[in-house]
Every structure is written in C-alpha cells, then in structure tokens.
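Annotated region 'Disordered' per Swiss-Prot: 1-60, 242-298, in sequence order. Under the heading compositional bias 'Basic and acidic residues', Swiss-Prot lists 1-15, 24-60, 259-269, 289-298. The domain 'HTH La-type RNA-binding' annotation in Swiss-Prot covers 57-148 and rests on sequence analysis. What Swiss-Prot records for 61, 124 is phosphoserine, and it gives experimental evidence as the kind of evidence. What Swiss-Prot records for 154-236 is domain 'RRM', and it gives sequence analysis as the kind of evidence. Feature annotation from Swiss-Prot assigns compositional bias 'Basic residues' to 275-284.
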C-alpha cells in the first residue's frame, strides 16, 4: 500500500470515529430538548390548573347584602304571589322552604358556602325567619295583595336594550338602581318564544321615584351602550298600545295566564266559590228547562 493510500485510509477511519461520536451527542441533545418540552408542558398544565382554580374562586363570590336582597325579593309581595314553584313549595310546610332549594336557584348558585347564605338570611330585619337548625327559611309578614293601580303608578316602560346576555338581568337591575333609585323588580319582556324583546317594565318601590325618573330623562336621556333608550310611564305605554290596536281583530296568545296566589287562596276559602257554583248550576238548569224545545216543534 502506498503512502498516499495509507493517509486516505487513516483519514476515513478518523472521519467515521467523529461521526460515530456525534450520534450519541445528537441523541443526548434530543433527550435534553424532549426533557425541556416535558417540563414546559407540565408547567403549562400547572398554570392552566391554577387559572381554573382562580376562575372558580372568582365565580364563588359572596356578598351578604346581595344575598339577603335577592332572597327577600323571592319572598316579596312583588314576586311570591306570582312564583308558582316557590309559593307551592312554601304551602306544603307552613311557609317553610329549604334553604338548599333556594341556593340552587340560578341567581343564587354563585354564593357559597351554604352556611354563609344561612348567616346572611338570619340578618333579615323583618321579612324573613330562619329555623333553629339553619335548614329552612320562610316569610314572617303576612302576604299583602298588591293593588294593580298602585303597581301601574310605580312602573315605567323602557326600550332599547338589544340582545340578551347571561348577565343582562343583573346588569339591568344595577342600571336602574344607579340611575333612578330603589326598585321592586325589573321584568324583561319576552315574545311567545321566550325571546327577549329588548324592552322592560321597571317597578319602583314608590310612585315618587318613578315620577322623578321620568322627569329626569326628559332633559337627560339615558343610553344603554351607544343606544338611547325610549322611556315612558307604563300607563302611557299601555294606553298607546290600546289606541294603536283598537281596530285589530282579537288576538289569541299562546302565553299561559300568570300564576296568582291570591286567586288560589280564594279558591281554597270555604264557601266562597261553592255557593256561587250551586247558584250558577241552579240558574242554568232553570234556563235550560225554559229553553228546551218541545216535542212538537222538533
């Protein structure tokens, strides 16, 4: 073998040794990269878990005043007579309703824990009472039949709220409390398919609050976002709609009649409807005998 050939062979051997030594280096480098990826992945998972836990803590907010306000609304003269589920539940047990049942209501789920809700309800000045075990709540004051005329005088119609969002009801209540004053209820108006119409009836606690609000918006119109609201008294709205549709043919709505606890109590009152029913049947029987055609005329 010539000297040149020997040099070439030595060079090839050296090159192969270098390449073979680079393979484990590359493999080692790959392992390091994979290890870094795994570490980064684990860190991201931990961050995501922590974020979810933080988000969960944020959702489980608690405000005693807000809890008490919401539950007192459920048992108020404005709501209870028309809340069929709550009324029926309360009538099964001398007015008592399980606090856990109320805690499961959509507006109440964000308030935790249950013990804190119980403590908040115990601070009701006069409307509510909690049993000794802290398991049930009921209304202490007798239910008052609200005069429809009084409700009309305290109510306002507002339109221009756009599409409904998850927090629209809460946002509307805060909006009117901040811009007008104490409210009894904000009723979101819906069509036959239960879609929000973008308008509401606001029932204030006092007629003066409603009147001052109507005077205020005459010179300082209110906006919801970028849209100016249409605002008038409920009576004005009802009269306007009646005039607009006075010549229309009768319209039959698929909506169910609103539940009325007072009518239910009237039905259960002994003698109130039973006597009336007997008189009605007797009168119908008498009229039927008078109007029944004779055999000859048939």
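Note that Cβ sites are derived from N, Cα and C of the backbone, with glycine treated the same way.
For the compositional bias 'Basic and acidic residues' (259-269), same-chain residues at least 6 beyond its ends with a Cβ under 8 Å from one of its own Cβ atoms are 80-84, 87, 143, 145.
Under DSSP, the residues of the domain 'HTH La-type RNA-binding' (57-148) split into helix, strand and coil as follows: 42 helix, 9 strand, 41 coil. Listed in sequence order, the residues of the same chain lying 6 or more apart from residue 124 (phosphoserine) and placing their CB within less than 8 Å of its CB are 68, 71, 72.
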